[in-house]
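Participant: The compositional bias 'Polar residues' annotation in TrEMBL covers 1-13, 1133-1158. Annotation source TrEMBL lists region 'Disordered' at 1-24, 296-347, 1133-1174. Per TrEMBL, the feature domain 'Cation-transporting P-type ATPase N-terminal' maps to 47-123. According to TrEMBL, the transmembrane segment annotation covers 98-121, 151-170, 371-392, 412-438, 924-942, 1000-1020, 1032-1053. Sequence annotations record features per position, and here TrEMBL assigns compositional bias 'Basic and acidic residues' to 296-305.
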Amino acid sequence: MGDMTNSDFYSKNQRNESSHGGEFGCTMEELRSLMELRGTEAVVKIKETYGDTEAICRRLKTSPVEGLPGTTPDLEKRKQIFGQNFIPPKKPKTFLQLVWEALQDVTLIILEIAAIISLGLSFYHPPGENNEGCATAQGGAEDEGEAEAGWIEGAAILLSVICVVLVTAFNDWSKEKQFRGLQSRIEQEQKFTVVRAGQVVQIPVAEIVVGDIAQIKYGDLLPADGLFIQGNDLKIDESSLTGESDQVRKSVDKDPMLLSGTHVMEGSGRMVVTAVGVNSQTGIIFTLLGAGGEEEEKKDKKGKMQDGNVDASQSKAKQQDGAAAMEMQPLKSAEGGDADDKKKANMHKKEKSVLQGKLTKLAVQIGKAGLVMSAITVIILVLYFTVDTFVVNKKPWLPECTPVYVQYFVKFFIIGVTVLVVAVPEGLPLAVTISLAYSVKKMMKDNNLVRHLDACETMGNATAICSDKTGTLTTNRMTVVQAYVGDVHYREVPDPSSINAKTMELLVNAIAINSAYTTKILSPEKEGALPRQVGNKTECGLLGFVLDLKQNYEPVRSQMPEEKLYKVYTFNSVRKSMSTVIKMPDESFRMYSKGASEIVLKKCCKILSGAGEPRVFRPRDRDEMVKKVIEPMACDGLRTICVAYRDFPSNPEPDWDNENDILSDLTCICVVGIEDPVRPEVPEAIRKCQRAGITVRMVTGDNINTARAIAIKCGIIHPGEDFLCLEGKEFNRRIRNEKGEIEQERIDKIWPKLRVLARSSPTDKHTLVKGIIDSTHTEQRQVVAVTGDGTNDGPALKKADVGFAMGIAGTDVAKEASDIILTDDNFSSIVKAVMWGRNVYDSISKFLQFQLTVNVVAVIVAFTGACITQDSPLKAVQMLWVNLIMDTFASLALATEPPTETLLLRKPYGRNKPLISRTMMKNILGHAVYQLTLIFTLLFVGEKMFQIDSGRNAPLHSPPSEHYTIIFNTFVMMQLFNEINARKIHGERNVFDGIFRNPIFCTIVLGTFAIQIVIVQFGGKPFSCSPLQLDQWMWCIFIGLGELVWGQVIATIPTSRLKFLKEAGRLTQKEEIPEEELNEDVEEIDHAERELRRGQILWFRGLNRIQTQIEVVNTFKSGASFQGALRRQSSVTSQSQDVANLSSPSRVSLSNALSSPTSLPPAAAGHPRREGLP
């Protein structure tokens, strides 16, 4: 079914539905049109047509309380009539389409053309072929038989082009397949809570059918359309469908429409599902996109639709960075209702990742150099031939000789193209792709589910991690370990008998009723394991406390089911508390409240005494309690929660919407300290991060003492160090100016030392992340990773360079905004991600070091060889083989090196560290020198050394010579051994270190060697090879082995001495700034310019000083007024301030002083007598 296009799928459903119209009280069409209405229209329509939502439930044969019976025939029937909750993905690209795409590569096209011309000419035998008058390039006659074989070269080029294309296409195909596998894995993990046969069960989203009663709660992403039947305080963010950012309040009588793809921002409730899959609002949008996709394909061959998410930016991204820019679609196909917004968002998800930026730049640089070289080669060859033939030998151009000459020119063209092909490292995109794909696959084993490929590599450059506390650094198994009840502070869970019965009853009711009914504690799965906690972990901790007091919360809940709750104020990040109002048997109301202790205690004016009677609780009692109870608990790293209640009279009924009045005058029942133990592996992981130059910061909603205690346990802060721990309020006070606007300079003063941000709101987290990323305080731009699990973490996750969402505790919204999902919610998995990220970067550097050595040598050999002997010693086919093994296999071999712990011992590379460091440049040039020396020695005196015929100056179709074969073979042997050298890029000595941990590498080196033997001994004419003797082979291998020895020699030369070496592929400050920002801060200047301007300013300052002095002298001479001099002096001081400002991190002052690099400071420019300087 996945292969059906959306429209077929759609019409099939239509047919089904018309045939089964009568089974249920309403058809799919009716429900669909109902779901298209909004607000009051919908309410009116429901009243007129059905009566109320209950009636709709009856028509759909479902019960609002019990849900569907859940029998298989019933579910199947519903799927048949109303469709499945599944949006068929777009068909994947076929292998042929991928081949066609791979063929579009420019160099390959040039090669194909060259090969076809060469083939055509080899079959064309001109009449003047044997004419003595025609010139041949120097050399003896050719055999008849060999002339017949002229087509081989063209055919061989075509064959190798086919190989390259197939490898690329296969790679893309397997990547796509992997990607879809990943996709379906994410989809299967997506579960939703529904009620079936009275039981609350979690089922995969695709199993939801029309008529299901779904339970929705804060943080959910709705999987289908439905009608709201009961719930409290439900607010929905419908921006993904409507584009309006205001949260919409839902209620049964005003706006009961719940749409798929929208986010629950607050509250909880139940809905009856009315439309699923392609009939839901999101599905309809996707279907339109799907149908539109067919025409679009014709227009834009490469506009990929990934599972219904049109993403035409991909084709551009693909050419630029070797498909490293794969964008994941939303978590499952059934939910990206915001496909249109996504399309825009995907265009600039994040600025190009560091690596892609550097690679693109490097590829362009190399490409240009290659083009120039190949053009020069062709020109020199053609000129040499024409001058030699027509000028030196004075031969006339005979008409019958034309084809012969053309054939020569084609040969020269092919040599030129060969030079170009060798110069361009086609293996780069391949290496990047393989490296990333391999890492992503392996990272799955390390509990990192990567949603955006480039996140993996960005992570290697991370300099800061802002982590949540709960669940990431801690185990997220909350248990109450201390309590303050009835004027006594118990250091462990109190004995039930020591608590007054009245207090106990209130306590159990307050905890059981005032918590989500979806939160439960179930019996452990295995004997001896801990009981399972389901739902909100803090509430689980409180329910566990009830069980520890030998009480039971189940009877309380069954007595007061969810439908009977009068009003619920759900927990959100503003209230930081949750309250539930119930109606007592005598018609009066009681409200139970719980929340962060310092917030709830402020609202308490009474407290239960030891006898269970309320007594007055004054502000000074509160301060004492904070000192004696709450702070000691917090300093033990406990979260303190206060439980309270309040009674209201039945009449007049209070105004429930006036929250401030309702949530006051509470009576405190107890304060509990909840412990969430630090995960055992976290302190070690944080130590590794700090050693690797990554600062870990903790951002939490807990109070500052708890946060500090946990931070010390984790090792984020060490007593005696210089660090800041701030609360959200204090943080905001420090970063905002008088007008309340955030100032970057103020953030720059705080963030370098900030380690813990407590009691922080989601906006604080976002502000901090944005502040660190935008900071110019350090010379490297900070690369920030953020972990988050809540809906409110979405903005910070999106803003960060890499967002980690929690796979277990995380809400759908957080996962949607993230780049990597931690499937085990564990901080130590982040360290693994850093390791893999650095490994990707290193793998690509290794490959580059190897590839560029090959390129430099091959280009110079082809170029000089062609210019001196008119024929490249390395033939087109040989070059392609070199390119193939070098590119494809080497990228496989070097890109799959497993990461080692040593990667964590160095600091992050940062954005302006070049891709090819000095050490690598030293290695590349050093090995190139060795290889070139040997190849040229072999080329010019090789025939004497081996006593064989010289291969130089052979005629056009002459048989392959042993001489040139030895050169080719030696060249390949040197590359093979250099591949081992390339395993280390930081100048290490032992290049064999850990070589057996990478079986792929060993296999490839040996495999390449075997193929090389076959090519040389049996390649014959197509490869221009003639078989070699054993002793010749030994020499070739011996010269190759010399590479390893030479590698040690190079390692001995200190890099610091080689100042003249240039680095390549560095990002300057200029290119880092994404386009959007460029418009805002035109003041952003790169270092060189800044230095230059600083110089200018100092110069003007000097100039001004002289001017002022002259002016003072003149003034004294003429006895004129001092004013001119003073005016000049004041302008100079203002300038020196500008210059002083220049060195401060602020950018604003820069702009005044430096409005343009050439303009003079106003003082100098405006000086009337400037020309008259001595």
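Every residue gets a Cβ built from N, Cα and C, even glycine.
Because TrEMBL annotations are produced automatically, they should be read as predictions rather than curated entries.
Describe the structural context of these features.
Facilitator: Across the residues of the domain 'Cation-transporting P-type ATPase N-terminal' (47-123), the predicted structure has a mean pLDDT of 80.
Remote same-chain residues near the transmembrane segment (371-392) are listed as 135, 137, 408-409, 412-413, 415-417, 419-420, 423, 859, 862-863, 866-867, 870 (criterion: CB distance under 8 Å, separation of at least six residues from the stretch ends).
Packing against the transmembrane segment (924-942) from elsewhere in the chain are residues 849, 852-853, 856-857, 860-861, 864-865, 869, 873, 916, 948, 952, 963, 966-967, 970-971, 974, 978, 981, 1039, 1042-1043, 1046-1047, 1049-1050, 1053, 1061: each is 6 or more residues past its ends and has a CB under 8 Å from a CB in it.
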Participant: Which sequence-distant residues neighbour the transmembrane segment (1032-1053)? Criterion: at least 6 residues beyond either end, Cβ under 8 Å.
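Facilitator: Contacts with the transmembrane segment (1032-1053): 922-923, 926-927, 930-931, 934, 946, 962, 966, 969-970, 973-974, 976-978, 980-981, 987-989, 991.
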Participant: Helix, strand, coil: count each for the residues of the domain 'Cation-transporting P-type ATPase N-terminal' (47-123), based on DSSP.
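Facilitator: When I sort the residues of the domain 'Cation-transporting P-type ATPase N-terminal' (47-123) into the three classes, I find 48 helix, 3 strand, 26 coil.
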